[in-house]
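Student: Quick one: this structure, given as structure tokens, is what I'll be asking you about.
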């Protein structure tokens, strides 16, 4: 550090930039080129009631008296200036009081009532909303994201109050290039887009799927510190095949059957060209596209645009991190992962995405050559709705074909084409049973009893399907049959299980939010033009290594959601390091690629932290347009 300073002249512009980040003699960042997010005064072009009605700039009763004078607010607010801490305390008291009262009758869950109240806060004061969300992330992440977001999407036409995000439809063909300029932000860093065709495990919800894009971006802001004024939720409405929605007079989307084939691709192509024309540096996350299109669109765009598919790649990364954690929980090094026998239930976009990622991870550990790739393939048995997938199946899905088992080999194992999940588990005796089927209760008592024959010292069950009702089994079911010497992970949150005698069955939530915010933030700050397999792999491995040895030996393989900002920082740093290693990094704002390459791992973490937005009220300065 001393050497670094020694080589800078006092008049250097670089030194002047660095000095701005030194406070009280302590260097906040050894090599920083950007001002702390959220600490700049904000220029606004509106005053009076217009400010109070704008959730981006509204502070409610927290406006100082000088701001009230500058912005013509004096007399429009109660005279007492209240701190943001007191505002939050007052809101939390109201929230607890209103939770029950906000329910629409006894059938309305408290979770949906909480969502309504939080959404109202979001509508009127965005900064305070994110303060509340970050401070209570463990409690409210399941409200703004899975599982409650599923309920929100199912009821979105009735819950819609004010627009959030953008809607591109099949009716807008030929107009999208001009439509993107209707969005007021000149800079957009992150877009989450869905076509509503496969929302969680709930199926085709049409235009109502916008709720999932909004929820994901809330987590980008809360977990990754992406500036909320630079995010954009998008719904591409190409129709719906949901009969109920087609006949519902209150449905807000196009009441026509979904476009398909070249017509469908033309809409998505036009959207991608439009958003990247206006915002060339944006990152687009594809979310909840049906399996039919998820892989095709990923392969179509991933080498030309900054994009990734969270269902395919994010779910895969979290699963890989969990699988590596399960190896650690057995008291073995992660390098032993290629020895794991894994039975996978589900061959949709998420299941195939996990299989491909796990195979690549194993192959890399075995030498990353063709022999290693073939060897890794032999560690997986894939079961879909028709049973075990083998080379003897007719009309096999091309994406599943690489994992089809050889029939002669199966004869020796006592298995056949279409064998049931219970049969496969009984004969294979796997180390891991991985569920990505979206079929609630698929891991029946028979299947769990079969897993008792596992050759592993500590078998693992991953019931990863969302929302909660689609989980392949509950932790209570798993621990009651297999005892406490097992690892349990799920996609939705479950409470730990009290096994008696002071023993706890830990329920690890393999939540995509551990990875996608860090992948997005790391890609943004690295300036990489693509999201590479290596960057995704680095993210998964950093998450797997995050837990201490003591924690994993207790069966805790995923961290607490309460640590999400620190986790995201680590993941983003890993993504940046890998982008630099692969020579993909082009830099971000004043941090050019050359300087980025010079940063040490600790300096990269500081760089990430320094660019994470925090929900602090900015000083507002009015300027007439």
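Placed from the backbone N, Cα and C atoms, the Cβ positions cover glycine too.
What you are looking at is a predicted structure, and each value in this text was computed from that prediction instead of being measured.
The domain 'Malic enzyme N-terminal' annotation in TrEMBL covers 122-302. The active site, proton donor annotation in TrEMBL covers 145. TrEMBL lists 198, 466, 511 with the feature (S)-malate binding site. If you look up TrEMBL, you'll see 216 marked as active site, proton acceptor. Marked as divalent metal cation binding site by TrEMBL: 287, 288, 311. Taken from TrEMBL, the feature domain 'Malic enzyme NAD-binding' applies to 312-580.
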Student: Taking only the recorded positions 145, 198, 311, 466, which one has a CA atom nearest to the CA atom of residue 216 (active site, proton acceptor)?
Tutor: 145
Student: Measuring CA to CA, name the entry from the recorded positions 145, 198, 466, 511 that ends up nearest residue 288 (divalent metal cation binding site).
Tutor: 198
Student: Expressed to the nearest Å, what is the distance separating residue 511 ((S)-malate binding site) and residue 311 (divalent metal cation binding site) at their Cα atoms?
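Tutor: Cα to Cα, residue 511 ((S)-malate binding site) and residue 311 (divalent metal cation binding site) are separated by 11 Å.
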Student: Of 145, 198, 466, which recorded positions are close to residue 287 (divalent metal cation binding site), meaning a Cα within 10 Å of its Cα?
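Tutor: 198, listed in sequence order.
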Student: Please name the residue among the recorded positions 198, 216 whose C-beta has the most neighbouring C-beta atoms within 10 angstroms.
Tutor: 216
Student: Using a 10 Å radius around its CB, how many other CB atoms surround residue 287 (divalent metal cation binding site)?
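Tutor: Result for residue 287 (divalent metal cation binding site): 27 neighbouring Cβ atoms inside 10 Å.
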Student: Within the same chain, and leaving aside 287, 288, 311, name every residue whose CB is within 8 angstroms of the centroid of the CB atoms belonging to the recorded divalent metal cation site, in sequence order.
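Tutor: Apart from the listed residues, the neighbours are 194, 198, 199, 212, 286, 289, 294, 309, 310.
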Student: Cα of residue 145 (active site, proton donor) to Cα of residue 466 ((S)-malate binding site): how many Å, rounded?
Tutor: 11
Student: In whole Å, could you give the widest CA to CA gap in the (S)-malate site formed by 198, 466, 511?
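Tutor: The span, Cα to Cα at its widest, is 18 Å.
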Student: Among all protein chains shown, how many Cβ atoms are found within 10 Å of the Cβ of residue 288 (divalent metal cation binding site), not counting that one?
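Tutor: For residue 288 (divalent metal cation binding site), the count of other Cβ atoms within 10 Å is 26.
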Student: Please work out the number of neighbouring Cβ atoms within 10 Å of the Cβ of residue 466 ((S)-malate binding site), leaving out its own Cβ.
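Tutor: So the Cβ neighbour count for residue 466 ((S)-malate binding site) comes to 25.
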Student: Where residue 198 ((S)-malate binding site) and residue 311 (divalent metal cation binding site) are concerned, what is their Cα separation in Å, rounded?
Tutor: 10
Student: Average the per-residue pLDDT over the domain 'Malic enzyme NAD-binding' (312-580) and send me the rounded value.
Tutor: 94
Student: How big is the Cα-to-Cα gap, in Å, between residue 311 (divalent metal cation binding site) and residue 466 ((S)-malate binding site)?
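Tutor: Answer for this pair: 11 Å between alpha carbons.
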